[in-house]
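Straight from TrEMBL, the features:
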type: TRANSMEM; residues: 6-30; note: transmembrane segment
type: TRANSMEM; residues: 42-61; note: transmembrane segment
type: TRANSMEM; residues: 81-98; note: transmembrane segment
type: TRANSMEM; residues: 105-130; note: transmembrane segment
type: TRANSMEM; residues: 142-161; note: transmembrane segment
type: TRANSMEM; residues: 232-254; note: transmembrane segment
type: TRANSMEM; residues: 274-299; note: transmembrane segment
type: TRANSMEM; residues: 320-339; note: transmembrane segment
type: TRANSMEM; residues: 345-366; note: transmembrane segment
type: TRANSMEM; residues: 378-397; note: transmembrane segment
Amino acid sequence: MYVVESKGGAIACMLLALFFLGTWPAIITLLERRGRLPQHTYLDYTITNLLAAVVIALTFGQIGDSTVDRPNFFTQLSQDNWSSVLFAMAGGVVLSLGNLSTQYAWAFVGLSVVEVISSSMTVVIGTTMNYFLDDKINKAEILFPGVGCFLVAVCLASAVHSSNVADNKAKLSRFPIDNKSEKGTVLSSAPEAVISKDQEKGDGPVGKAKAGTATFLIELEKRRSIKVFGKSMFIGLTLTFFAGVCFSLFSPAFNLATNDQWRTLKDGVPKLAVYSAFFYFSVSCFVIALILNISFLYHPALGVPKSSFKAYLNDWNGRWWAFLAGFLCGFGNGLQFMGGQAAGYAAADAVQALPLVSTFWGVILFGEYRRSSRRTYILLFCMLFMFVAAVGVLMGSSGHRK
């Protein structure tokens, strides 16, 4: 079994996890904005998410000789460690519920805002729990100022969202005038031809409308699978806060599974290795996602069109992107746990600065904040600067597990 033992290796794991975990939400959002049903996307995503855990377990979990203190993956499958397994599976359940909630929340509230709210709740609640579960191996004088940086960034993110909403309202209020003045800018009454283009070719997310214009916003609403115009933002915020609570619990649950702080294992039974725990974690995540999304095919939520399992199997439009998202999430979580086992799970929660990456993709892929006011741009810069500071401070708090 391969074990990350150096602080440098742990930080490398966290940085790579930060990129992976910040990128997969952008891919899922892109598919939804192109009209692919969220049930189809999530079913594809959850398959490769589980596959990533299997790959990690069969490679890193099997490297080297199996010892009493460091048993390999196959050795642990037959050991009496079910109390730790249940903690790992509980973590997978709450993560699956959180990810499923954010998939719908992204459409209502926006990628950047959902990520900063859910990440801040994870840092404030989950990081504090991990600090005490890890027997305070992280430097408190550095760790908690890092938590404070996240809170400041969240306040700035709320201001960014408020300013951007005001900008969009102003654009839409001027739309009849702008639409007449822009030659060649016409709202298509039948955008199906555009929607049916192969999504793997990298076509623009919304026809030929310029990002940030009222035409862009209206065409986006026509194409996307989750319709949001005229619906209360309270729906999205409720989903976001629910996801934040789920995300704040899955890392402490995984921590308990691998370190047995509550002494639930019998004497002589080795602690669950991070790779074994991640396998059980991902299995429960997969089962919950499978049950809920097959149910949503026939009984969809929030006005999403009804589908069927046969329609899902035949829907290859965007499937490879969904597979990629699952791999990124799976390997991202695995790297986070590998880094946390070495440097402390509180420090590994630095990957909750993933809104840095998500905001970058939101601006590049979706045209978020294009043609916005100067106030929005200033707030956006301040938010990103504070997130950078938060990542650095939390990583600087990392200790070394004995």
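Note that Cβ sites are derived from N, Cα and C of the backbone, with glycine treated the same way.
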Recorded stretch, among 81-98, 105-130, 274-299, maximising Cβ pairs under 8 Å relative to the transmembrane segment (378-397): 105-130
Result, the transmembrane segment (320-339) in contact with the transmembrane segment (105-130) (3+ CB pairs under 8 Å): no
Long-range environment of the transmembrane segment (81-98) - Cβ separation under 8 angstroms, sequence gap at least 6: 46, 118, 242-247, 249-254, 256-258, 260, 264-265, 269-272, 277-278, 280-286, 288-289, 292, 333
Ranked first among 6-30, 42-61, 142-161, 232-254, 320-339 for CB pairs under 8 angstroms with the transmembrane segment (274-299): 42-61
Positions whose Cβ lies under 8 angstroms from the transmembrane segment (232-254), at least six residues beyond its ends: 87-88, 90-92, 94-95, 97-99, 101-102, 104-105, 107-109, 113-114, 117-122, 124-126, 129-130, 133, 277-278, 281, 302, 336-337, 340, 345, 348-349, 352
